[in-house]
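These notes are about the structure you will find just below.
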Amino acid sequence: LAPALSLPGQAVCPELSSSEDNACIISCVNDESCPQGTKCCARSPCSRSCTVPLMVSSPEPVLKDGRCPWVQTPLTAKHCLEKNDCSRDDQCEGNKKCCFSSCAMRCLDPVTEDSFQ
(Lines of atoms letter the chains of each structure in order from A; the text may use other names.)
(Lines give C-alpha, C1' and ligand atoms only; values in the text may rest on other atoms or scores of the structure.)
Protein backbone atom coordinates (compact mmCIF):
# COMPACT_ATOMS: atom_id res chain seq x y z
CA LEU A 1 0.00 0.00 0.00
CA ALA A 2 1.11 3.52 -0.74
CA PRO A 3 1.71 5.81 2.22
CA ALA A 4 -1.03 8.30 3.03
CA LEU A 5 -0.49 11.88 2.00
CA SER A 6 1.10 13.62 4.96
CA LEU A 7 1.66 17.05 3.48
CA PRO A 8 0.35 20.05 5.42
CA GLY A 9 -2.68 21.69 3.87
CA GLN A 10 -5.78 20.55 2.09
CA ALA A 11 -6.00 18.25 -0.94
CA VAL A 12 -8.24 19.83 -3.60
CA CYS A 13 -9.21 18.88 -7.12
CA PRO A 14 -7.59 20.88 -9.92
CA GLU A 15 -9.83 23.45 -11.57
CA LEU A 16 -11.55 22.26 -14.72
CA SER A 17 -10.07 23.44 -17.98
CA SER A 18 -12.16 24.32 -21.01
CA SER A 19 -9.78 22.12 -23.02
CA GLU A 20 -10.80 18.99 -21.06
CA ASP A 21 -12.50 16.25 -23.07
CA ASN A 22 -16.29 16.38 -22.67
CA ALA A 23 -16.70 12.58 -22.76
CA CYS A 24 -19.05 11.34 -20.04
CA ILE A 25 -16.86 8.78 -18.29
CA ILE A 26 -17.43 8.11 -14.60
CA SER A 27 -14.51 6.09 -13.22
CA CYS A 28 -15.09 6.93 -9.54
CA VAL A 29 -17.93 7.90 -7.23
CA ASN A 30 -16.11 9.42 -4.25
CA ASP A 31 -12.59 9.69 -2.81
CA GLU A 32 -12.97 6.31 -1.08
CA SER A 33 -13.32 4.61 -4.49
CA CYS A 34 -9.89 5.94 -5.58
CA PRO A 35 -6.39 4.63 -4.85
CA GLN A 36 -4.67 6.16 -1.85
CA GLY A 37 -3.16 9.56 -2.61
CA THR A 38 -5.78 10.46 -5.23
CA LYS A 39 -9.20 12.15 -5.17
CA CYS A 40 -12.35 11.61 -7.23
CA CYS A 41 -12.44 14.83 -9.28
CA ALA A 42 -14.58 16.25 -12.06
CA ARG A 43 -12.63 16.10 -15.31
CA SER A 44 -15.38 17.53 -17.52
CA PRO A 45 -18.96 18.62 -16.85
CA CYS A 46 -20.08 14.98 -16.87
CA SER A 47 -17.01 12.87 -16.09
CA ARG A 48 -15.14 12.00 -12.90
CA SER A 49 -11.85 10.19 -12.43
CA CYS A 50 -9.22 9.55 -9.77
CA THR A 51 -6.72 12.41 -9.94
CA VAL A 52 -3.64 13.43 -7.98
CA PRO A 53 -4.90 16.42 -5.97
CA LEU A 54 -3.33 19.82 -5.57
CA MET A 55 -2.16 20.61 -2.06
CA VAL A 56 -3.14 24.07 -0.91
CA SER A 57 -2.02 25.53 2.34
CA SER A 58 -4.91 26.50 4.49
CA PRO A 59 -4.61 27.73 8.06
CA GLU A 60 -8.04 26.24 8.80
CA PRO A 61 -9.00 23.62 6.21
CA VAL A 62 -12.67 23.46 5.34
CA LEU A 63 -13.90 20.10 6.60
CA LYS A 64 -17.59 19.57 5.95
CA ASP A 65 -19.47 16.69 7.52
CA GLY A 66 -21.31 14.05 5.53
CA ARG A 67 -20.87 12.70 2.03
CA CYS A 68 -22.28 13.57 -1.35
CA PRO A 69 -25.62 11.91 -2.10
CA TRP A 70 -25.52 8.89 -4.39
CA VAL A 71 -26.45 9.75 -7.97
CA GLN A 72 -27.78 7.29 -10.54
CA THR A 73 -25.65 7.85 -13.63
CA PRO A 74 -27.21 7.26 -17.04
CA LEU A 75 -26.34 3.97 -18.75
CA THR A 76 -25.68 5.75 -22.03
CA ALA A 77 -23.37 8.72 -22.41
CA LYS A 78 -25.10 12.01 -23.11
CA HIS A 79 -23.48 15.32 -23.88
CA CYS A 80 -23.82 17.60 -20.87
CA LEU A 81 -24.43 21.27 -21.59
CA GLU A 82 -24.61 22.36 -17.94
CA LYS A 83 -21.79 24.32 -16.34
CA ASN A 84 -20.32 23.38 -12.96
CA ASP A 85 -21.35 25.54 -9.99
CA CYS A 86 -18.32 24.45 -7.94
CA SER A 87 -15.22 22.27 -7.91
CA ARG A 88 -14.53 22.16 -4.14
CA ASP A 89 -16.59 22.06 -0.94
CA ASP A 90 -15.25 25.43 0.23
CA GLN A 91 -16.99 27.06 -2.74
CA CYS A 92 -20.39 26.02 -1.31
CA GLU A 93 -22.36 27.95 1.31
CA GLY A 94 -23.09 26.61 4.77
CA ASN A 95 -22.75 22.85 5.17
CA LYS A 96 -23.34 22.09 1.47
CA LYS A 97 -20.77 20.00 -0.39
CA CYS A 98 -19.63 20.19 -4.01
CA CYS A 99 -21.08 17.01 -5.53
CA PHE A 100 -21.66 15.43 -8.92
CA SER A 101 -25.35 15.73 -9.82
CA SER A 102 -25.94 13.52 -12.90
CA CYS A 103 -24.40 16.04 -15.31
CA ALA A 104 -22.46 18.76 -13.50
CA MET A 105 -21.01 19.70 -10.12
CA ARG A 106 -23.53 21.34 -7.76
CA CYS A 107 -23.60 22.49 -4.12
CA LEU A 108 -25.83 19.88 -2.46
CA ASP A 109 -26.90 19.01 1.06
CA PRO A 110 -24.71 16.17 2.36
CA VAL A 111 -25.97 12.84 3.60
CA THR A 112 -24.85 11.69 7.04
CA GLU A 113 -23.46 8.29 8.01
CA ASP A 114 -26.75 7.21 9.65
CA SER A 115 -28.72 8.01 6.47
CA PHE A 116 -26.74 5.41 4.44
CA GLN A 117 -28.58 2.18 3.71
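Every residue, even glycine, has its Cβ placed from backbone N, Cα and C.
As annotated in Swiss-Prot, C103 shares a disulfide bond with C80, one of the listed residues C80, C86, C92, C98. Closest by Cα distance to C13 (disulfide bond), from the disulfide-bonded residues C34, C40, C92, C99, is C40. Helix first, then strand, then coil: DSSP counts for the domain 'WAP 2' (61-111) stand at 3 helix, 12 strand, 36 coil.
Residue environment of C68 (disulfide bond) contains 21 other Cβ atoms, counted within 10 Å of its Cβ in all protein chains.
Residues within less than 8 Å, Cβ to Cβ, of C50 (disulfide bond) and separated from it by at least 6 positions along the same chain comprise S27, C28, S33, C34, P35, T38, K39, C40, C41.
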